[in-house]
Amino acid sequence: MLNPQLNRHGELIHLLSTEGLPRRIIEQILDLAATFVPAPGQEFPKLPLLHGKSVFNLFFENSTRTRTTFEIAAKRLSADVVNLNIAASSTSKGESLLDTIANLSAMQADLFVVRHGASGAPYLIAQHVAPHVHVINAGDGRHAHPTQALLDMYTIRHHKGDFNQLTVAIVGDVLHSRVARSDIHALTTLGVPEVRVVAPATLLPEGLAQMGVRVCTDMEEGLRDADVVIMLRLQNERMRGALLPSAHEYFKHYGLTQARLALARPDAIVMHPGPMNRGVEIASEVADSGQAVILDQVTFGIAVRMAAMSLVAGVRP
């Protein structure tokens, strides 16, 4: 089966999901990102790699961090950036998604960064753009968020070096989390021997065992001796029905406190894709501790998105 993310030479042309993404491509993105990360106290480099190219940020769902970091990344690569106000756009007036893409392509778009509430929307767009136009998925429904997963992998590699002896715990609302799915695919591809998914039964999707993870409904069991703890927020906006008694009850059983973190390895790192709900999935004492590398994730996210845009466009330093 052909991989829609790669051309016939096996080169990355769209970044749609970490599922099916070869290890060599993931490592290529991480290695290139490392060349973009500034030294402490320095700014991100300004490079001419996408000079003359137009990057269209199409966010059909609200976002602050992701849209902003994509915009910064594109500008650091000297691209022209267009941020489309979807709420005021023609899609809200009845124009189809593909008609919108066709019209924007006629404006000489070279790269679409797409966030959409419908799973698979970036795939659909990638199937209908011209060969010289590229698509990066910035999050689609519950399905995938590949650049978040890649910046998570970069953060883990930066702090832990190797993947092949790690135990990684992903904790929280896995049912609604595209980040969890993308992280699981990336972690297993990179050879992490034990990936644990920790959540109440009502927030666990079906089919996790087939993804090669260990499922835990007990927080203490899931955290014990973990090297990396990735916390997920409760996505109340995607919940239908009473999946949880209350946020207070959730924190009581699944919130990451200092006492619970002590079950992990002493040098464990704590990650979170943001935005954080302090006092719901994570205690402030943990979020503000030396073990939390959440702000590193934000910084590395710019470099990883610079790398992803460069590679899909077929350019590199």
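Every residue, even glycine, has its Cβ placed from backbone N, Cα and C.
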According to Swiss-Prot, Arg65, Thr66, His145, Gln148, Gly274, Pro275 bind carbamoyl phosphate; which one of Arg76, Arg115, Arg260, Arg316 is listed for that same site?
Arg115
What subset of the binding-site residues Thr66, Arg115, Gln148 lies within 10 angstroms of Arg233 (L-aspartate binding site), using C-alpha positions?
none
Please report the distance from the Cα of Arg178 (L-aspartate binding site) to the Cα of Pro275 (carbamoyl phosphate binding site), rounded to the nearest angstrom.
14
Distant-in-sequence Cβ neighbours of Gly274 (carbamoyl phosphate binding site), under 8 Å, six or more positions away:
Arg65, Arg233, Ile294, Gln297, Val298
Same chain, 6+ residues apart, C-beta under 8 Å of the C-beta of Gln148 (carbamoyl phosphate binding site), given in sequence order:
Thr66, Gly139, Val179, Ser182, Asp183, Pro273, Gly301
Among residues Arg65, Thr66, Arg115, His145, Gln148, Gly274, Pro275 annotated as binding carbamoyl phosphate, what is the maximum Cα-Cα distance? Answer in Å.
16
For the binding-site residues Arg65, Arg115, His145, Arg178, Arg233, work out the Cβ neighbour count at 10 Å and name the residue with the minimum.
Arg65
Output, ordered by sequence, the same-chain residues six or more apart from Pro275 (carbamoyl phosphate binding site) with a CB under 8 Å from its CB, or 'none'.
Thr64, Arg65, Arg233
